[in-house]
């Protein structure tokens, strides 16, 4: 796809990068077939190809309006289109650039600005998020439905973590929302890894991965959080930590992008590249281990929801399922498993109606095989699916750790 950049855009390094990405697109339209928002809305501008045209028009100096912003905002960034694209278009990078340029040219309505700023001030701060969640649980009957639905109906308390006692050690990103919404997930991870001879090291100075800010178009703040994490992890990396582990695939997908996002930062480019190379999802670590040592015989019938950030962003589709099958669990078939559940980070709060439709469609698919429980690999998906109030939804490692206790 050829573009005629304006003089302003020719002076913009990110616009030049966008132009380079656009050149790979042959506007074949394969991407529209797997786009969740296009399937729901049937509007070309709510599919990847249409959004690519909108970004092209922005780069060429056409008028940028709230409608332009609305169509770009409606994208889930699920990256299903990237899995489908035969030309290898880096759509998510293009979208980030397009959104950033549009954000500078269009002033959002006040309610949108308040919501987005509120999310940015709360979600990345675990203590604030925990306190407000506790208040929300008390006030649940009086809250709007879309907020009420996001509060956990139940949480499993974190079990004790084992001491640092093994030579093999990994860092683990604790996350922002997960310690409050699913506090046992990281503890269960540490306990399973301990049985395999791997200790999880704390990195207390590390914080939010940066995805919340970045995807709400506060991209510089997102990059600042990335730099903070690199600094927090670096001493442990130099001391020989073999991996940086993520139990939330949304965080993992973003940390794996640090190298790309900071490639032009003279101070952080090399460190960011090394961090991205060390970043692994939990399943990447476990699949290489002798799981038979755990002596688990899974006795549950599960439906696994593979998050978009795991299957499309990290290209790990089918890997959790293989691990669960190795451990003896029974898995049901899930129709249209490539489609997004509608969580998409903060999307379920910024676009509640679309998110709810996608959630209900996904729950119908997950429940079609009549599982005892639904398991997933990302806290956003877990919370969003659970908000339907139907089949119980947990992180898959918790179910593995439960089975471990029975042995």
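Backbone N, Cα and C atoms are what each Cβ position is placed from, and that goes for glycine too.
Summarising the annotation, Swiss-Prot assigns [4Fe-4S] cluster 1 binding site to 25, 28, 31, 85 and lists sequence analysis as the type of evidence. Summarising the annotation, Swiss-Prot assigns [4Fe-4S] cluster 2 binding site to 35, 75, 78, 81 and lists sequence analysis as the type of evidence. Annotation comment: Swiss-Prot describes 14-47 as domain '4Fe-4S ferredoxin-type 1', evidence class sequence analysis. Among the features that Swiss-Prot reports, domain '4Fe-4S ferredoxin-type 2' is placed at 66-95, with the record citing sequence analysis.
Swiss-Prot feature annotations superimposed on the structure.
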| residue | record | Cβ within 10 Å |
| --- | --- | --- |
| 25 | [4Fe-4S] cluster 1 binding site | 21 |
| 28 | [4Fe-4S] cluster 1 binding site | 12 |
| 31 | [4Fe-4S] cluster 1 binding site | 26 |
| 35 | [4Fe-4S] cluster 2 binding site | 24 |
| 75 | [4Fe-4S] cluster 2 binding site | 25 |
| 78 | [4Fe-4S] cluster 2 binding site | 28 |
| 81 | [4Fe-4S] cluster 2 binding site | 27 |
| 85 | [4Fe-4S] cluster 1 binding site | 20 |
- Taking residues 6+ outside the domain '4Fe-4S ferredoxin-type 2' (66-95), which of them lie with a CB under 8 Å of any CB in it? 17-18, 21-22, 24-26, 28, 30-31, 33-37, 41, 43, 45-46, 48, 50-52, 54-55, 57-58, 102-103, 106, 108-109, 215, 260, 308-309, 311-313, 338-340, 342, 344-345, 347, 350-351, 354, 358
- Would you mind reading off the Cα separation of residue 25 ([4Fe-4S] cluster 1 binding site) from residue 78 ([4Fe-4S] cluster 2 binding site), to the nearest angstrom? 18
- Message: Between the Cα atoms of residue 28 ([4Fe-4S] cluster 1 binding site) and residue 35 ([4Fe-4S] cluster 2 binding site), what distance do you get, rounded to the nearest Å?
- Response: 14
- DSSP-derived helix, strand and coil totals, residue by residue, for the domain '4Fe-4S ferredoxin-type 1' (14-47): 23 helix, 0 strand, 11 coil
- Note on the structure: Model confidence over the domain '4Fe-4S ferredoxin-type 1' (14-47), as mean pLDDT, sits at 94
- Taking the centroid of the Cβ atoms of 35, 75, 78, 81 as the [4Fe-4S] cluster 2 site, which other residues of that chain lie with their Cβ within 8 Å of it, listed in sequence order? 31, 34, 36, 37, 38, 47, 48, 76, 77, 79, 80, 91, 340
- Task: Sorry to bug you, but what's the C-alpha spacing from residue 75 ([4Fe-4S] cluster 2 binding site) to residue 31 ([4Fe-4S] cluster 1 binding site), rounded to the closest Å?
- Result: 13
- Can you tell me how far the Cα of residue 78 ([4Fe-4S] cluster 2 binding site) sits from the Cα of residue 85 ([4Fe-4S] cluster 1 binding site), in Å? 13
- Item | Beyond the site residues 25, 28, 31, 85: chain residues whose C-beta lies within 8 Å of the centroid, for [4Fe-4S] cluster 1 | 26, 27, 29, 30, 48, 49, 52, 81, 84, 86, 87, 89
- Note on the structure: The DSSP breakdown of the domain '4Fe-4S ferredoxin-type 2' (66-95) into helix, strand and coil residues is 18 helix, 0 strand, 12 coil
- Task: Write down the Cα-Cα distance for residue 85 ([4Fe-4S] cluster 1 binding site) and residue 75 ([4Fe-4S] cluster 2 binding site), rounded and given in Å.
- Result: 16
